[in-house]
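Notes for the one structure printed next.
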Amino acid sequence: MTVKAYGAHAGDKPLESIDIIRRPVGAHDIQIDIAFCGICHSDLHQVRGEWAGTQFPCVPGHEIVGRVVAVGAHVTEHRAGDLVGVGCIVDSCKHCGDCDDGLENYCDGMIGTYNFPTPDAPGWTMGGYSQQIVVHERYVLRVRHPEDQLAAVAPLLCAGITTYSPLRHWQAGPGKKVGIVGIGGLGHMGVKLAHAMGAHVVAFTTSESKRADAKALGADEVVVSRNAEEMEEHASSFDLIINTVAAPHNLDAYLALLKRDGALTLVGAPATPHPSPEVFSLIFKRRTLAGSMIGGISETQEMLDFCAEHGIVADIELIRADEINASYERMLEGDVKYRFVIDNATLAS
Ligand code: NAP
Ligand code: ZN
């Protein structure tokens, strides 16, 4: 089946309307009419070839929500008409220890929603900037939010789970002091989620203009990270800091804010490395520098249900498909509060 999509033919070319092919619905497949798709900074990194290995044409998008239109003969969990989501994962080996543990995100055979190898034409996966997608049932999530919130649910499928998973793993909750660095798509979700989990939340931003906003998102305190004195006030006090920044920067400034056994977890994935941190920043106070990648399928469902229960959605700006290129430029300037979401109905025109 041929569907309309938006993608790029090369890293230095803008995205444009293209036609792509979706596979026939297999016995375990679910065919989804995509209503909305969020724009993640990872889309920009990959469609511009900033990380190695982008295949062109590239159709990004891994914050997908929509409605089931058809299911294969062996599908039991979903039926036509259901509201569903698809995040960053559309396949994995299904039998390794990671898959058995529900951590498909760490399976060596994980297949990302776009730019990963697949037997389907043209040989690599094509993402959610498209009218429809066909996905194995294991990787399709149930959406329990009211339908009028659907566009604002889309960013939960990547920005939500990527911050939820490390918050849970490092046990954010009452009595814990948690920092979120970079108040963009991921960061604003991190603040909302850490607040809902009951942690004391401190937002770190480079943008003075986000100081008041971050409090409204749920931060107890806001630090403008360019201000050394404000940073110093929080020395050796954090249990956990999640860093979402998409550009290389000095990590020692954040390691110094961790108390004994605290962890700085990197989720931001800049195209070039951070300067190496001082070993002394780690050995004093037995601090940990860690990383975390999205989350498994069962944890993504848990996160969606947690958000539905607590009334949590992303703060979004809804755009047309022909505004995608302009929105990339605005994202680079930090000019989005806090996630662009594409109205996929506009792909048709
Ligand atoms: P985003 O919306 O562009 O937000 C990034 C934020 O980082 C900006 O809003 C800005 O916040 C801050 N920032 C940007 N440039 C900076 C600089 N030079 N110095 C200091 N702060 C800067 O991006 P996103 O979609 O949240 O994604 C963030 C990163 O996470 C990307 O690298 C993306 O590829 C990665 N990612 C990783 C995973 C994973 O599984 N680990 C999943 C999804 C995305 P302030 O204005 O508040 O400073
Ligand atoms: Zn993403």
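Cβ coordinates are placed from backbone N, Cα and C, and glycine is handled just like the others.
Annotation comment: TrEMBL describes 26-143 as domain 'Alcohol dehydrogenase-like N-terminal'. Per TrEMBL, domain 'Alcohol dehydrogenase-like C-terminal' is recorded for 185-308.
Here the domain 'Alcohol dehydrogenase-like C-terminal' (185-308) returns a mean pLDDT of 97 for the predicted model. According to DSSP, the domain 'Alcohol dehydrogenase-like N-terminal' (26-143) comprises 17 helix, 38 strand, 63 coil.
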